Amino acid sequence: MQSKLKDIKTGAKSDVFEYPVMESFYTIQGEGKYQGHAAYFIRLGGCDVGCHWCDVKESWPVDTHPRKSVIELVNEALAFPCRLVVITGGEPLMHDLGPLTEALKQAGFQTNIETSGVCEEVTGTWDWICFSPKKFKEPNPAILHQVNELKVVIFHPSDMAWATAWADKIPAEAALYLQPEWSKQETINPLIVDFVKSNPRWRISVQTHKFLQIP
Ligand SMILES: C[S@@+](CC[C@H](N)C(=O)[O-])C[C@H]1O[C@@H](n2cnc3c(N)ncnc32)[C@H](O)[C@@H]1O
Ligand SMILES: Nc1nc2[nH]cc(C(=O)O)c2c(=O)[nH]1
Ligand code: SF4
Ligand SMILES: [Mg+2]
């Protein structure tokens with residue numbers, strides 16, 4: 001295990017650097033480009049974006065979750081056969097993800113992130129950034145040029161124009177997804193089906209893990 005990495009801000013050794021962890025679990029990525037891939041998820045605590053339809057509101061507090069060190073998190077991930085880690089939350093970019101992602105990469109993991117892009121700074125070394133902007137809090141524009149996947153949740157028909165305008169702000173090769181808000185599929189699915197048939201650069205992402213009844 002690596003023990004010489006230092007956190008760029010605090011100088012703390014990465015193996016003792018700690019994060020609030022709501023949960024971590026081995027599952028199948030249910031959404032977006034990596035849907036269907038086995039992945040180890042690390043869900044960090046803390047989010048102040050306030051989406052009223054958020055499906056993991058228990059993640060919002062930053063102080064109530066047990067803290068785990070980089071070395072613990074990497075060792076837990078290494079216990080499973082896949083070498084794909086997804087860091088999510090909460091809003092994971094609330095934290096300095098440099099030490100965690102550097103250690104994960106040194107251990108041989110692909111590092112993917114799920115983020116709203118709301119952060120002071122985009123930290124971490126990423127193989128895949130899934131950017132899911134929200135109307136409720138402006139993302140940091142610094143993330144835009146690094147985006148690999150845009151995945152916008154559609155709750156109301158009026159979200160469509162807001163969602164699709166983001167495509168002009170990110171790299172042309174980014175994968176584009178519309179994801180129905182889980183409780184609104186009856187009204188939203190027909191809309192996004194028609195939209196993608198007319199705009200085939202876009203794709204649909206449904207939360208397949210919920211249909212499969214897995215974490
Ligand atoms: C829980 S969030 C955590 C990561 C980050 N805070 C974000 O919002 O991207 C993970 C993904 O779930 C999506 N999501 C959250 N609640 C949802 C819901 N009720 N229906 C559909 N997607 C949802 C988010 O947009 C995001 O793409
Ligand atoms: N299986 C599974 N796939 C996911 N993709 C994004 C998720 C998230 O909450 O960030 C998620 C999740 O919670 N479970
Ligand atoms: S940004 Fe993500 S974690 Fe935060 S409230 Fe919205 S969906 Fe939930
Ligand atoms: Mg989820």
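Keep in mind that glycine also has a Cβ here, set from the backbone N, Cα and C atoms.
Copied from TrEMBL, the annotated features are:
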BINDING   Ile28, Gln29, Gly30, Arg43, Thr88, Pro215  substrate binding site
DOMAIN    34-215  domain 'Radical SAM core'
BINDING   Cys47, Cys51, Cys54  [4Fe-4S] cluster binding site
BINDING   Trp53, Cys54, Asp55, Gly90, Ser132, Pro133, Lys134  S-adenosyl-L-methionine binding site
_Measuring Cβ to any atom of ligand 3 with a strict under-6 Å cutoff, which of the binding-site residues Gly30, Cys47, Cys51, Cys54, Asp55 qualify?_
Cys47, Cys51, Cys54
_Cβ neighbours of Pro215 (substrate binding site) where a neighbour is any other Cβ within 10 Å_ = 14
*asked:* Taking only the residues in the domain 'Radical SAM core' (34-215), give me the average pLDDT of this model.
replied: 98
*Can you tell which of Arg43, Lys134 has the most other C-beta atoms within 10 Å, given these are the binding-site residues?*
Arg43
_Just to be sure I understand: of Gln29, Arg43, Pro215, which binding-site residues have a C-alpha no more than 10 angstroms from the C-alpha of Gly90 (S-adenosyl-L-methionine binding site)?_
Arg43
*Provide, as an integer number of angstrom, the distance between the C-alpha atoms of Cys51 ([4Fe-4S] cluster binding site) and Lys134 (S-adenosyl-L-methionine binding site).*
7
*Of Gly30, Arg43, Pro133, binding-site residues neighbouring ligand 1, Cβ under 6 A*: none
*asked:* Cβ within 8 angstroms of the Cβ centroid of Ile28, Gln29, Gly30, Arg43, Thr88, Pro215: which residues besides those meet this for the substrate site?
replied: Phe25, Thr27, Glu31, Ala39, Phe41, Val86, His209
